[in-house]
């Protein structure tokens, strides 16, 4: 069997043993993190039964409840990624899931605004590190050109979660009053329990690293590790490299990537927490507002997968990032300029697609670092900085700006425009290849190299292309 055939067979085997776990885990993560948006509008057509009325979330109190989650979430995100190196992915991801599931269930017992604030703080502590942890985890198993599609499949579970969240909320709305619980209380209980169950299963069944995977034989374990090349993080690397830490933080593109992700994350949070509110402002109430969150998420699912798959196939990132950003920007223009319900709803469908730009962006970023420490910092610290947007986005949708929220919509449009500019800057400085390349590969001594994977070599790329790409990334 040729190396190419063996690699294809191996990757399919890895997919079967890893992707189902991370997809289900992220689906539950997004459900539990953003179910507050559904809870806010749940049973709002029945006096005295909504979350807003029972917990007195008048004015901008809801915005603070959303924002406060991100304070501990940001603080603990980077340390969590370092902990994943030491405790292994299966143990650490399981810990994260079980703890956030318990807190979500406990949120149903809240009886005051202050109690909800406390629960959201604990939820932020418990969920911190999940997303960057999984991003880092995938870097142990997949080469740069394989990551975009896998990260897209993983992240597209957000769209599935959004669609299911709307359907679940619709069903739960009819449970209000059962067992003396409001609909929003049932929502927290029913969406928290699966996280605890899946977390326990992940502890026992999620493979940690290629070097220790029990589902691979000795030859496959060796090949799975060696095919990653010299720049990929290794599961055996438990050492915290202070030099890599400092070099990564001093790198100019660390801050450019972080700023760009901050801008995009504002759009992600705007849709995640306020889509039901935006739809409700169009005149739809109760279960209808919940049901109408399903089509935008379903549309986003296919756009995210399609754009990321094509990015992997073309082995190119910036154009696909910019394309996704422009699509979402059009959505904000429609929401800000069109008065008709149809046009505004189309805009809502488009802003649901922010991850179509985010996934090629993260895949682009993970190909600029080498080694476990640098990868942990590049993913964990960058995502932590970007998630400061969680404290900003809620205040772009102030109650006094309802029902159209024009200031917030135009601010988000400007942020996406800035993201397009920063993508162009990175494209100019680093090139567009999806592979490990760059003049300052963080955590590596290999300066100015472009590393091509076996597949690209097998396809017979011309030597001239290699030279052109090296010129693109020369210091």
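Indices start at 1 and increase along the chain as displayed.
Just so you know, glycine gets a Cβ as well, placed from its N, Cα and C.
TrEMBL labels come from automatic prediction, so no person has curated them.
Keep in mind that this is a model prediction, so the values were computed, not measured.
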Transmembrane segment range according to TrEMBL, out of 409-428, 429-448, 449-468: 409-428
The annotated transmembrane segment range in TrEMBL, which must be one of 39-59, 186-206, 207-227: 186-206
Which of 64-84, 96-115, 287-309, 321-339 contacts the transmembrane segment (409-428) most, counting Cβ pairs under 8 Å: 321-339
Best-contacting stretch, by C-beta pairs under 8 Å, relative to the transmembrane segment (345-364) and drawn from 96-115, 152-174, 252-275, 287-309, 321-339: 321-339
Leading contact stretch, 96-115, 186-206, 252-275, 287-309, 321-339 vs the transmembrane segment (152-174) - CB distance under 8 Å: 287-309
Winner by Cβ pairs under 8 Å against the transmembrane segment (96-115), considering only 186-206, 287-309, 321-339: 186-206
